[in-house]
Ligand code: ATP
């Protein structure tokens with residue numbers, strides 16, 4: 001670690017604060033001293049009132065985004081655009097030539113154009129800022145002796161914070177407890193290996209993050225183990241604060257779409273400049289006034305060059321992301337939105353995503369093969385145990401079942417208090433079942449010495465305890481049945497240990513399969529003096545019902561060409577039973593186990609993976625291989641995950657999807673999208689939005705390009721045909737506002753057309769500007785040019801242009817633009833099908849523009865600026881009739897397209913049936 005970092009830590013604490021302690025000192029002192037210095041208590045923490053007091057001095061544990069530039073500065077930044085500078089120059093020339101009217105008009109136009117650009121850019125910045133606030137981090141903190149969970153921004157120095165596997169460290173902490181605590185500090189040090197943390201003071205000269213082994217730094221990730229620490233630095237006074245400041249300086253990278261829009265904008269600018277140059281030279285040769293040609297040229301450049309395009313794209317993407325957030329899907333980075341519409345395979349885990357993750361033990365089977373059923377659902381300990389064979393001694397059966405649940409409760413970290421679960425659902429289900437048969441305080445009979453935590457790779461958990469009664473040491477184990485049986489040498493039979501032979505083992509495995517076929521998750525229990533000589537006591541079957549709406553979502557996704565694959569840690573029978581219920585495991589699809597995956601090399605896996613829809617007993621390693629194999633087959637993969645170890649697979653997937661509730665911070669960090677409610681249905685909604693956003697962007701690109709081409713060509717044709725210019729500079733600038741402003745922007749917020757989801761995923765390589773789009777643009781532009789020129793020629797007599805002529809032409813163009821924007825709302829559907837009034841912002845934008853246009857025609861001050869004249873109602877009706885042609889033709893074109901599409905589909909069905 002560089003000296004520089006060390007220096008940062010020394011300046012990151014302000015001396016005048018009451019509890020000012022440098023991380024250097026905090027790491028040298030013992031933790032007791034640090035806690036004392038901070039006037040806190042390792043067990044009790046701070047009181048709520050003290051914390052409230054401290055927050056007044058230390059402020060919230062967050063970073064204020066620098067207001068590096070004032071709004072005024074940002075506004076004046078817009079004037080740096082070379083085109084605007086040219087316009088300013090033209091206003092200046094007008095003043096020098098004492099043409100004050102012109103100078104005033106141009107200045108007014110500049111102010112309007114600059115203001116629209118400023119508002120757009122400001123909105124885009126604001127919405128990007130909002131994105132960062134969507135997933136506020138939480139923390140586990142001790143206040144007044146109780147474990148509390150609240151927003152990490154409320155932490156103050158002196159708070160006692162608990163850390164567990166998968167957490168993101170919420171503030172700089174001096175550790176006071178560390179149990180195998182491994183922390184990933186790569187965000188600071190670049191070192192990918194996690195660091196083992198201690199609580200011991202670090203002696204000698206220490207500088208840099210890496211040497212402070214007893215400090216957990218804000219923003220780093222707990223990879224393994226657990227710990228506890230006292231907060232020594234929050235917000236900008238943490239080490240992360242300095243890194244944050246550096247990060248702020250860096251601009252976030254542009255999305256592929258934004259990049260391609262930039263390129264498109266540049267290309268269009270080049271063409272436009274070429275044409276404008278030509279128009280000006282031609283006009284000059286024709287002997288038109290130089291000043292007029294200059295003004296028209298510059299205004300055309302402002303209007304025709306779609307400088308607003310990249311910004312409108314950013315705003316549309318950002319607004320789309322906000323809408324997704326309302327639908328409970330948080331998108332962390334803008335590029336994700338583009339990829340969403342391309343996803344063609346979703347690998348989903350079962351528990352919590354496809355199922356509710358509300359676990360209830362419904363069945364129990366002891367090693368004596370006594371069977372029972374539990375009534376009741378959820379974590380309310382209301383329900384009964386019904387034993388199957390009441391002929392046998394009930395008490396004996398009950399004792400055996402109690403033993404199963406006692407082992408399950410001791411080897412357990414969950415708590416169920418007043419029907420509320422604290423901990424893992426699988427473990428909570430076991431505790432609830434134990435409570436139903438009055439096993440209330442079994443854990444008090446033991447002192448836990450050690451825990452071997454559950455991992456998706458091992459699929460079991462074990463604890464080593466001392467039995468208080470006789471001081472004997474015992475192991476208690478629970479987990480997947482085949483894993484548990486691997487450690488068992490005996491099984492319990494009426495309080496005796498019998499040798500576990502192959503036959504018995506297979507009987508237990510068959511019983512587990514029977515549970516599995518009913519869709520139950522199986523959890524086996526064993527205990528013993530030694531870990532490799534355990535006594536098997538029985539198993540429970542846990543019901544986790546499918547989420548409502550999931551089957552329907554899967555059907556819709558299948559219908560739109562997106563394959564859904566289930567990846568689960570559960571056994572084959574359970575996985576297949578649930579997936580059949582969800583319509584995932586249909587005729588022709590197969591299931592594959594983790595062992596099979598291990599036995600296949602990458603090429604073999606790629607060859608077989610397409611037909612597999614259920615992967616069972618898989619761990620994080622397998623998930624990664626599955627994603628890679630699918631990607632190598634050319635798929636765009638969305639992958640869900642919740643555990644610490646899912647991080648790698650989530651990163652590798654094209655869209656990593658983390659669970660908001662069950663997901664660890666590590667997993668959320670690696671993901672591109674977070675599902676707030678862990679619901680699979682949300683993924684479908686997000687894909688729908690992703691596709692819709694892309695459609696919307698295509699729609700306003702079509703609109704902007706057609707307006708831009710029409711305006712350019714109109715002036716170019718007029719110059720070529722040696723007729724006067726149909727639009728003056730001010731009018732062209734007004735058209736620019738409509739093109740880049742509200743009507744274009746509101747096309748970007750067109751509500752999701754649910755039929756969009758039925759369309760197959762977009763090919764990632766498909767460019768935005770397709771042949772179809774070019775055709776649509778040219779068609780609309782062609783109609784606008786013909787219609788406007790017609791009106792101009794119709795009005796003009798003897799090549800003399802009166803204000804009435806330009807007013808008619810100008811209004812005609814604006815009306816054309818309004819109708820054109822209306823038809824651009826959908827490329828395929830009729831506007832009447834999607835609903836004339838379904839896009840409210842669009843309605844406001846169009847009405848606003850029309851009112852603006854009427855003001856320009858009828859309000860005397862504006863008449864002077866725009867050189868316009870009042871029109872009669874008959875004029876307006878004529879213009880409406882002519883300009884509506886662009887809408888009528890577009891509706892006709894869409895109709896023909898729909899009919900031919902239907903015919904093509906019918907032919908396909910016919911061929912499939914009879915050929
Ligand atoms: P899914 O992929 O469907 O969400 P998962 O990957 O979360 O499932 P795991 O949690 O890895 O699945 O569970 C796999 C198996 O491990 C379960 O079938 C169960 O037998 C066992 N198991 C699950 N949770 C625990 C636990 N807390 N303690 C012991 N064993 C467990």
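Note that Cβ sites are derived from N, Cα and C of the backbone, with glycine treated the same way.
Annotated by TrEMBL as transmembrane segment, the relevant range among 268-286, 325-343, 344-362 is 268-286. Residues 773-792 are the range that TrEMBL records as transmembrane segment, among 753-772, 773-792, 793-812. Helix, strand and coil content of the domain 'Cation-transporting P-type ATPase N-terminal' (25-99), in residues and according to DSSP, is 47 helix, 1 strand, 27 coil. Over the domain 'Cation-transporting P-type ATPase N-terminal' (25-99), the average per-residue pLDDT in this prediction is 79.
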